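Enquirer: Sharing the record's features from Swiss-Prot:
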- C345, C348, C369, C372: Zn(2+) 1 binding site (BINDING)
- C361, C364, C397, C400: Zn(2+) 2 binding site (BINDING)
- 278-295: compositional bias 'Acidic residues' (COMPBIAS)
- 1-97: region 'Sufficient for homooligomerization' (REGION)
- 1-210: region 'Sufficient for localization to endoplasmic reticulum tubular network' (REGION)
- 239-295: region 'Disordered' (REGION)
- 72-92: transmembrane segment (TRANSMEM)
- 94-114: transmembrane segment (TRANSMEM)
Amino acid sequence: MQAAERDGVAGGLEATAAVAATGGGEASSEPPSPPKAASFDLLDLVRSYRRLELYLEPLRDAAEGVRALLRWQRPLCSLLVCLGLNFLLLTLDQAAWYSVLALLVLLPALLGYLQETYRVRPSERELLRRKYHSVRREDLRRVQLSRQEALAQVKCFLIQLEGFLSGLCYNCEAVYRVLYWENPTVSSQFYGALLGSVCILYLLPLCWVMAILNSTLFLGNSQFYQVIKELKASVEQSLGTKPLESAPEPAKPLPTDAPPDRTPTPTSTEDLTPGSVEEAEEAEPDEEFKDAIEEDDEGSQCSADFDLSLPDNGFMSKNDVIRSKVSRLTERLRKRYPSNNFGTCTGCGATFSVLKKRRSCSNCGNSFCSRCCSFKVPKAVMGATAPEAQRETVFVCAQCNQMLIK
């Protein structure tokens, strides 16, 4: 009986193998189907990028804290950290440093374990409230966005990606310029610093090398010197050693003879337009009271031009015609020059007056005198796209001028 069963099982296996071979032959005769093309969804890429931002948020916060310490945004904290690190680097031995590293490894593990162990278990009602009123990190894949929100997310991601790639390319170009000696001064400084670092590592102990590196990071940046300058200025102001700036004495008016009554002779065919008034406003002499002289010169220049644009009607004398034209010109110039001259210059601190006119920076909007706000830049530098923006210029302060021309 068992022998018959074994024969039956063997026959069934042979039949199955024959059917499989026949089917395999038919399958091999058919051409293989082309592989399915991999689909690329830009919105999924953006979601993954946002999730990565959430996961790396603690590292970003730590980097921001380190950057704030190195930039001396809080001078007292930066000073304490710098001195504390130097003290630890110079006093701790090798065994103590291994203990500190072990503590740094165990501390996050212990904090995570305690947080999970002693975490307050929320009630069912609290869980329902969190479910309907919060979005968790694991729920980001199931969030349904509208088309406008998706496009906004994709656009923001592409802008950030473009900025990151631009900065990376700029840094790579700077490295290549140093390596290929395009700027011999910078390249010599770089290789000299490398050789000096190797010599210091060979001659000095490691603790001293780390202390020098820490001091260089904290003390060798421009923010530290800015803090020192501010501290020095505050100390001088508190002690009263800084002399007060004396106000400029007004110049004595020169005696002038009464000009004869005469009509202005037409010297050009230029009409009084806003562009001509703006060009007259931009003219700057180099005298002490250039604003007052500029106002007088522009008034006479524009009055001569205005005489051509308004013909005589025959019922008024020449003096009446001139007075009417000058009154209209004065109204136009009053719009150009504000009557409120109170305040001080942001740059030099000079008080605005009739002789010291106020001028606003076209980039930052702060109020300056004509000496501090005397730099001209094209409007195209500030983002204007009109064709005339390449030719038209506006006044900016010195700080904005340095920022815009870079």
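Placed from the backbone N, Cα and C atoms, the Cβ positions cover glycine too.
Fair warning: this is a prediction, and the values are worked out from it, not measured in the lab.
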Enquirer: Taking the centroid of the Cβ atoms of C345, C348, C369, C372 as the Zn(2+) 1 site, which other residues of that chain lie with their Cβ within 8 Å of it, listed in sequence order?
Expert: T346, G347, G349, A350, F368, S370, R371, C373
Enquirer: Should any of the binding-site residues C345, C348, C372 have a Cα within 10 Å of the Cα of C397 (Zn(2+) 2 binding site), which are they?
Expert: C372
Enquirer: Excluding C361, C364, C397, C400 themselves, which residues in that chain have a Cβ inside 8 Å of the centre of the Cβ atoms defining the Zn(2+) 2 site?
Expert: S362, N363, G365, N366, F368, C373, V396, A398, Q399, N401
Enquirer: Around C369 (Zn(2+) 1 binding site), how many other C-beta atoms are within 10 angstroms of its C-beta?
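Expert: For C369 (Zn(2+) 1 binding site), the count of other Cβ atoms within 10 Å is 21.
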Enquirer: Going by Cα-Cα distance, which of the binding-site residues (C361, C364, C400) sits nearest to C345 (Zn(2+) 1 binding site)?
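Expert: Nearest by Cα distance to C345 (Zn(2+) 1 binding site): C361.
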Enquirer: Under 8 Å Cβ to Cβ from C364 (Zn(2+) 2 binding site), same chain, six or more residues apart: give me those in sequence order, or none if nothing qualifies.
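Expert: Result: V396, C397, Q399, C400.
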Enquirer: Hey, does DSSP put C400 (Zn(2+) 2 binding site) in a helix, a strand, or just coil?
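Expert: For C400 (Zn(2+) 2 binding site) - judged by DSSP and reduced to three states - the answer is helix.
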Enquirer: Counting other Cβ atoms within 10 Å, pick out the least crowded of the binding-site residues C372, C397.
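Expert: Lowest Cβ count within 10 Å among the binding-site residues (C372, C397) is C372.
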Enquirer: Can you check which residues sit near C348 (Zn(2+) 1 binding site), meaning Cβ under 8 Å from its Cβ, same chain, 6 or more apart in sequence, and list them in order?
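Expert: Expected: C369, R371, C372.
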Enquirer: Restricting to the same chain and to sequence separations of six or more, state which residues have a Cβ under 8 Å from that of C361 (Zn(2+) 2 binding site).
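Expert: Once residues fewer than 6 apart are set aside, C361 (Zn(2+) 2 binding site) is near F368, C373, F395, V396, C397, C400.
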Enquirer: Tell me the coarse DSSP state (helix, strand, coil) of C369 (Zn(2+) 1 binding site).
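Expert: Note: C369 (Zn(2+) 1 binding site) is coil by DSSP, not helix or strand.
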Enquirer: Within 10 Å of the Cβ of C345 (Zn(2+) 1 binding site), how many other Cβ atoms are there?
Expert: 21
Enquirer: Around the Cβ of C400 (Zn(2+) 2 binding site), how many other Cβ atoms lie within 10 Å? Please give the count over every shown protein chain.
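Expert: Taking every protein chain into account, the count is 21.
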